[in-house]
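Feature annotations, reproduced from Swiss-Prot:
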- 43-63: transmembrane segment (TRANSMEM)
- 68-88: transmembrane segment (TRANSMEM)
- 133-153: transmembrane segment (TRANSMEM)
- 163-183: transmembrane segment (TRANSMEM)
- 190-210: transmembrane segment (TRANSMEM)
- 240-260: transmembrane segment (TRANSMEM)
- 280-300: transmembrane segment (TRANSMEM)
- 333-353: transmembrane segment (TRANSMEM)
- 397-417: transmembrane segment (TRANSMEM)
- 453-473: transmembrane segment (TRANSMEM)
- 485-505: transmembrane segment (TRANSMEM)
Amino acid sequence: MGIASILSNKNITINVDHVIDSDEAMLLAIGYRQELRREFSLWSIFAVSFSVLGLLPSIAACFDYQQLVVGMSPLPWLIAMIFITSVAYSMAEIASAFPCSAGTPYAVSQLAPKKYASFLTWFTCWTNWSCQITAAPSVSYSCACMMLALHSFTDPSFVASNAQIFGLTTGIQVLCAFMACFPTKWVARFSSAGTTCNIVFLVVVFIMILGGNKRDQIKEGISKFNSNSTAWGLDNQAEWPTGLSFLISFMGVIWAMSGYDSPFHLAEKCSNAAVAAPRAIVLTSTVGGLIGFMFMIAIAYTLVDLNQISADPESLGQPFVTYLTQIMDKNLVIGATALTIISSFFMAQNCLLASSRVTYAYARDGLFPLSGIWKKVSPKTQTPINAVIMNFIVEELLLLLIFGGDVSIGSIFSIGALAGFISFTMPTLLKITYARKTFQPGPWNLGKWSEPIGWVSVAFVGLMVPILCFPTVKGADLTPTEMNWTCLVYFGLILLTTIWFVVYARRWYVGPRTNISEEDIVYGEKTEDEGDEIPDVIDGQKVSISSTEKRYQ
């Protein structure tokens, strides 16, 4: 079949007892037995990824990280989007070549030098998992804060405590975890419905911002819209030079746009995965980036007073809601916030869904303690319920950061952006360096643009890794409460897992493991169709896994 995998160079045939299609044949060639039902279409996995992207709630949640850093200008979104799209396109090409739920770590295991493959795979797994495991709690936290902000807006005497925020966030997490355990067909339908709502609500709130804009009536002496110079100008709110602050503001864009990897991790749940998964990645990043940019323009031309949003005079705790109060009547503020809350819930549910499938895939490869428990799939629903439970427990522990204050809990946003970027780009870095002449692209590929786009994405990530660790203040103003704790939390985790690998895990961790039973593998047997294209349906009792040329030494 010409696929590089953990079964490459072994000249084997796999016995099967049922008719299989091209997707299952490719997965067997990669080294995994089909355990999950393929009931997701291109639209379904795009639905999940677009819901994980969650533009409306993401933009609302990231006001602190963009508008309150360099002002209302949409320029940071535009510039960052160009480079983020290059990262996504490079990932799409990787997903087409290795369409399995293990995602980027599996690709790293096949593209890295053999001597370092196990460690680089280990590093990528933990990096990607730290991105995935912080997604759902950060979105659930944002959703809870918006709900409580809406309560404060309607009842000014109400001020939410940390315990109330934690309790409400936990309630959202419980509901999302419960729904992630449903059968795949139900989850697919719910995800599709969630995407429809997210798109509709995004359009509705966009129209409400422009059509319901009454800022000239709410505040005297200003026009209905800002001038071009005001809307596009930079207003440095940080203590760094404007250029550095501009780069720091990319964090909001990176976090808001970080859901495009979901189709990769759902590849084992969709049909025609080698084409559908990369297409969904491209659609998510491109469509999401353009729509988000339009939304940024709407905000730039209507925002009234950044200082008021930063000061939060009504103690709402949500800059986006404070922004809405500057331009809308009370009823419209309530309506727009309510729609954002609903979208945020759909986003949280899909984040937990995608992350649980990542946990399942990594447990299958033995990454975690007690992996034998976490990798089990429910025979009734054919979903990884134990992985959902594990994620829920870890995410609840992360949410205890709520009691440390806004900056502490805010670290899960920046960790997600940093870790995601690193894990997304690792296979691209290997593809354009060590495996430059040996990488065999899948049916969806970038052709002659593969290497240039790959270098652009790697260079951008290399620039942004240290930038994402910068606080917005410096000098005497840099106190523990204002510190950016991303570097400590993320690199602390990586340090601990690296020590674990060197001391113990290197003895047994070899990267992705096949879950195909030895009884079903025949070594040294060649078949006539070895190396042929994968057929749509295979009507036999044997599947030949080509003894592909030894491409990764």
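Placed from the backbone N, Cα and C atoms, the Cβ positions cover glycine too.
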Winner by Cβ pairs under 8 Å against the transmembrane segment (133-153), considering only 43-63, 163-183, 190-210, 485-505: 163-183
Surrounding residues of the transmembrane segment (280-300) on its own chain - C-beta under 8 Å, 6+ positions past either end: 42, 45-46, 49-50, 53, 55-56, 58-59, 67, 72-74, 77-78, 81, 84-85, 88-89, 91-92, 95, 202, 206, 209-210, 226, 231-232, 253, 256-257, 259-264, 323
Which of 43-63, 68-88, 163-183, 190-210, 485-505 contacts the transmembrane segment (240-260) most, counting Cβ pairs under 8 Å: 68-88
Distant-in-sequence neighbours of the transmembrane segment (190-210), which means Cβ under 8 A and at least six residues beyond its ends: 43-44, 46-48, 50-51, 54-56, 179, 182, 291, 294-295, 298-299, 302, 324, 327-328, 332, 335-336, 339-340, 342-343, 346-347, 349-350, 353
Folded-back contacts onto the transmembrane segment (163-183), same chain, C-beta under 8 angstroms, at least six residues removed: 37, 136-137, 140-141, 143-145, 147-148, 190, 345, 348-349, 351-353, 356, 378, 381-383, 385, 388-389, 391-392, 395-396, 399-400, 402-403
